[in-house]
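Structure first, commentary second.
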Amino acid sequence: EIPGLLRWDTKQKLEKNQLLYKYKVATNGIIAVNEPSSEEKYLGQFPVSFGAIAPFMADLDTTDGRGNVYYREDSSSDVLQLASDYIKRGFPETTFDPSSVVIVTWKLVAPYQAPGDHALEEKRNTFQAVLASSDSSSYAIFLYPEDSLQFYSTYSKNGDEKIPAMVGFSQASTNYYFWENPGSYNVIANDEESIRNLHKSSNAGKQGVWVFEIGSSSDSIVPAKISNILESLESSEQDQEMTSKPFMSDYGSTEIRQQYVTSSTDSTEEDQHHVTYSVPQLAAEDFLTSYQDVTGTPSTESFYSHQDFPTAKAPPRQFHVQQFPPQQPQVIDVEEFDETGIVFRYHTDIQQTCANNRHQCSVHAICKDYPNGFCCSCIAGYKGNGRQCVAEGSPQRVNGKVKGRIFVGNNPVPVMFENTDLHSYVVMNQGRAYTAISTIPETLGYSLLPLASIGGIIGWMFAVEQQGYKNGFSVTGGEFTRQTEVTFLGNNEKLVIKQKFSGIDEHGHLTISTEMEGRIPEIPSGSSVHIEPYTELYHTSSSVITSSSTREYTVTEPERDGVASTYTGVYQWRQTISFDECLHDDSHYAASATQQLSVDSVFVLYNRDEQILRYAMSNSIGPISDGSADINRNPCYTGTHNCDTNAICRAGSGNRFFCECSIGFRGDGNVCYEVEKTKCQHEREVALGSGGAFFSREIRIGHFIPQCDEHGNYLPTQCHSSTEYCWCVDRDGNEIDGTRSGPGVQPPCLSTAAPPVVIGPSVRPDTVPLPPGTHLLFAQSGKIEHVPLEGNNMKKNGAKALLHIPDKVVIGVAYDCTDKMVYWTDISGPSISRASLHGGEPTTIIKTDLGSPEGIAVDHLGRNIFWTDSQLDRIEVARLDGRQRRILFDTGLVNPRAIVADPMRGNLYWTDWNREAPKIETSYMDGTNRRILVKDDLGLPNGLTFDPYSSMLCWVDAGTKRLECMNPNQLGRRKIVEGIQYPFSVTSYGKNLYYTDWRRDAVVAVDRMNSIEKDNFQPHKRSRLYGITTAFAQCPGGHNYCTVNNGGCTHLCLATPGGRSCRCPDNTVGVDCIERN
C-alpha cells in the first residue's frame, strides 16, 4: 500500500497521507488499481473489468531472462520537480505540486510468440509509467524513449491471431445481480500505426511523453493537449538531442544493492510476492536512483543548482556524494496475476550507459546511449570501432609473439618454437603491410613462405577502404580472435593457425599472439615462392566474419646443373574471425555483409642468415568484382598515389585524388609534419584518464569531457554527457554567457576556429565577377557562394563560388545594391570585410575592438553598416568604409545575432537568442525608440529578413522549428512553415523566402504565399551554411533623409521615420563633429 499515491475513484475525497490503494504491477504492461481478473479474461479485451492503467497492454513474456519489470516510490525533490515539469508542460494552467510518485519500468520485455513462430524472437520493448499524486489530483505520465518499441502486436495464448497492443485507461465495471456494467474507459492507441508513433508523438509537446490527469473533480481521464512537438530534435553525429527523458538513466529500473534487499514468497497466498526492502532517500538528477558499486560506496552524483554543471570557465569539480544509511524496511505488495511465473525481479547489474562506461570508448571517440546500452564511434579523422581508434591515414605498428609445433613434409619430428617475435608496419594510405617473424629455423622458414596470410590478416585490418566498405580495423577495432585451417591439396596436409588481437597497447601499437600447429609440405632450402594477386570474400554476420578461398603458389627451386625446376602448389584456406560487435547501433549494418579483399604486390622472402621470414602485400576492400572491368582503380585504392605516409588519400572521380595530412600532422598531404597537441586535446585526454601513469582510466559519473574537432579546436557546442546541458564556448573553451540550454537542446553555436591553411597552391581571394541579374549570396565557412535567380526560381546549375577565403569563418553576409559590394563578418579574425561583385581583392574595413561579429546589415541610402557582436554584447554602426564607429546598444543584449535594416522607414531590427529570454527587438536607426517586438513563443531566433516591397519582417527559429512573418506595424504573426530542421539565416525575394539549414547543408526555398517548400540547393561540398542575403539587380525604390548630401551631417547620418539624426562617432577627441536631430 502506498500512502497518498493515486485517487482513482473520483467520488471519494482523498485526504493527505491517507493509506489508500494497493496497486498491482503486471508483466503484461498494465498497472491494476484493484483486483484484476486472470490474463485469459483480459488479454485482447478493452475495457477490462478492473481498474487499469495500461501504457502497453499486450501478452508480454519475461521468462528465461526475456526482460524485467521494476518499480519504486520516490518523493525526493528532484524527482517530484521533474514530474511536475512534465505535467505542467501538458497542463500549463495547473498548479500541481506532487507529494509522491511511483515509477514502473518494463525493460527489454519480449512478446509472447506462437509455437514455431520466430519472427519477433529478438524484438524487445522498453517503456515506463509514472503516477504522480498531490492532495487534490493525480496524473499519469507514459514515456516511450526513441527506438524503444520494437514490436507493436503479439500473439495471445487465448488465440492464434496477432493482437495489437493497447494503450489506455479503464475503470472497474460494476456488478449487479444479473449483469455487469462496464466502467468508463479511454483508448489512446490500439493499432500498430498509432503504437509505432508513440515515441515520435506527444500530447505534452515533447517526443515520447504522454500526460493524463487521472483523478480530480472530474470523473473522466483528461489528456494533455499540447500537440505540437516543441523539442522533437533529430539525432545526428554532431548534435546530441533528446526525445523523452526517462525517469532513470536506464529508463527507471530500481537498482538496489543486495544488502538492501530481502525477498521471500509468502506461502499463504499462492500468487503474491512480499518484497521487503529499504528505499534510500536521495536527491538525484531526474528520476535516477542510487547505484552502488561493489565496495558499497554510493556512486551516484547529484546535480542541484545551475552552478553544479561544470563549464570550461569553471572547471569540473567533484560533485557531492550523499551517503545513504540503511532505513527501516517497508513492505510493498506486488501481486502477480499472469502465468509467466515472475512479476518482476531485481538485479545488481548497473545499466550499461555512457555515463558509467565512457572509459570503454577511445579518447578519440564519442559515446552514444541507446535503449538497450551504449555504443562508441570514432570522431572525424579517426578510424576504428569506437573502442579503439587510430588517426586516419597514419602508419601503424603491430607487435606480438608466435609459437608453433609444425611437421614439415614427412619428417616425423616437429619443428617447435615459441616466444618468437612478430613485427608489422602498415602504410595505411596504401593498405600495404610489411610483416617480419624472427628466429624461424631454416628447416621451417622456406616451407612457410606460401602462408602469406599469416601476416595478411594485418593487411585486411588496414586495407584501403572503398566508399561504403570497411576494413577489419573499422569493424573490430583490432580486438578479435581468428582461427584458420589450411588444407594443402595433394597430400592433404593440414595446418591450424590461431591468432588473438588484443587492441592497442600503452605504446599505441596493436598486439597479436599467434599459434600454429599441424603439417605443411616441404619446400627445399633456397627456393623462392611467387604468389599471384588474389581476391577473397569476407562474409559478416552477427559478430562473426568468415572467408574461404583456394590459393595457388609457384615454387622455384635452386638451380641444379643450370636448371631451376618450378612447380605449383595449391591449398584451401578457411578462416573464422570472432569479435564483439555493438549491436545497439544499426548504422554498422550500412557496410555490405559481403566484401571483397583484393591483394596484390605480394612479396614473400626467407633470409636464412638472419632467420627472418618476411611477408609484404597491398590490400584494398570493396565490392565484389571479377576484375574484368576497369573500376575502382583509383590511385587511392591501388596505392599508386604520392601522398605522404602520414596522409590520407581521398579518392575523387575517375583517377583523380588529393592528399590530406592525418590528425596530428600539417602540410599539403604530399609532405606532412607533426604538430603538438592542442589545449582541447590535452584536456580531453586528461578528462578521459589517458594522460599517463598519473591519471586513472576510470571515469567517474559527472565529469565533463571537452569535445574537440578534427583539428584539435574546441567544438563550438559543448555538452555534459551526464546532465545533457549544452553551451557555447569561445576558441579558448570558455563558456559564453547566456548560451546554456536545457537537456537535449542544441544552442546554435558558431565555431571561431578557422580551418588550417593548406600549404601549397591556393586560390587567390579575388571575387569572380557576377553576371547580370539577381543572386542569392550565402556563406559556407571559408567562402561565399552565389546562386542566380530566374524569377522566383534558383538557377542551380549556375551556382558558383564568388569568393574563396579559406582561413576565415564567414558568418553574416550583406549587400550594398548601390556600389554592388558584398560585406561579411568573420569570427575567426575577427573582422569585417567587403569586396566588389565586379571582381578584385577583398578589403578588411574593421579588425579592431571586435569579439564575435555575426549579423550585418547595410543601409544603402544612408551609406552605413550595422552589425551585432555576440561576445561583446553590443550593436554598432559605422560608415561603409569602416570609419566613424559608434556603439548604438551595449545593454540588454545576451546573444544578439541577426540584424536587418529598413532604410526607407529608418528602422532597425535584430534577434537575441538568449536561452533565458529570446526576443526580436527594433529601434530607429539612430538607436532611439528601442522596444521588444516579439518575445513570446520563441526558441532560438537565428535569422531575420525584411522585405522592402511587402514590408514584412520574417524570421527562422531553430528552437520552435518555424519560419514566421509579421508586419512590424500591425499586431499578429503568421506561421509560414513548421517542422523545419535547423535554420540559421533567411532572406527574401519576390514571393519566396530562402533560408540556410545546418542539418540539410542546403539553401531551402519556401513559397511565402502558399506556405510550402518549393526547392532546395545543396552545394557540392557538404558543410554548414551560414548567412544568406539577396543581391538585387536594382536597388528598391525610395529614399530617406540621409540620401542627399549625407543629410547635412558632418559625420554619421542615421535615418528615423520621417527624419534623421546627426551623430558623432565614439572617441571623437579632436574631431569637429556636431550632433543634432
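Yeah, the Cβs are placed from backbone N, Cα and C, and that goes for glycine too.
According to TrEMBL, the disulfide bond annotation covers CYS719-CYS726. Taken from TrEMBL, the feature domain 'NIDO' applies to 55-217. The annotation domain 'Nidogen G2 beta-barrel' is assigned in TrEMBL to 394-631. The domain 'EGF-like' annotation in TrEMBL covers 632-673. Residues annotated as domain 'Thyroglobulin type-1' in TrEMBL: 677-749. The repeat 'LDL-receptor class B' annotation in TrEMBL covers 820-862, 863-905, 906-950.
Within the same chain, residues 364, 381-382, 391-395, 427, 429-432, 464, 466-467, 600-601, 618, 620, 622-623, 625, 710, 756, 758-760 sit at least 6 positions outside the domain 'EGF-like' (632-673) and bring their C-beta atoms closer than 8 Å to a C-beta of that stretch.
Here the repeat 'LDL-receptor class B' (906-950) has long-range neighbours at 230, 738-742, 747-748, 855, 857, 859, 862, 864, 866, 868, 875, 877, 888-889, 893-900, 956-961, 966, 968, 973, 983-988, 993, 995-996, 1028, 1036, 1038, 1040-1041, 1054-1061, 1063, meaning same-chain residues at least 6 beyond its ends whose C-beta is under 8 angstroms from one of its own. Around CYS719 (disulfide bond), taking its Cβ as the centre, 23 other Cβ atoms fall within 10 Å, counting all chains. Broken down with DSSP, the domain 'EGF-like' (632-673) shows 4 helix, 15 strand, 23 coil. The local packing around CYS726 (disulfide bond), expressed as other Cβ atoms within 10 Å of its Cβ over all shown chains, amounts to 23. When the repeat 'LDL-receptor class B' (863-905) is classified with DSSP, helix, strand and coil residues number 0 helix, 23 strand, 20 coil.
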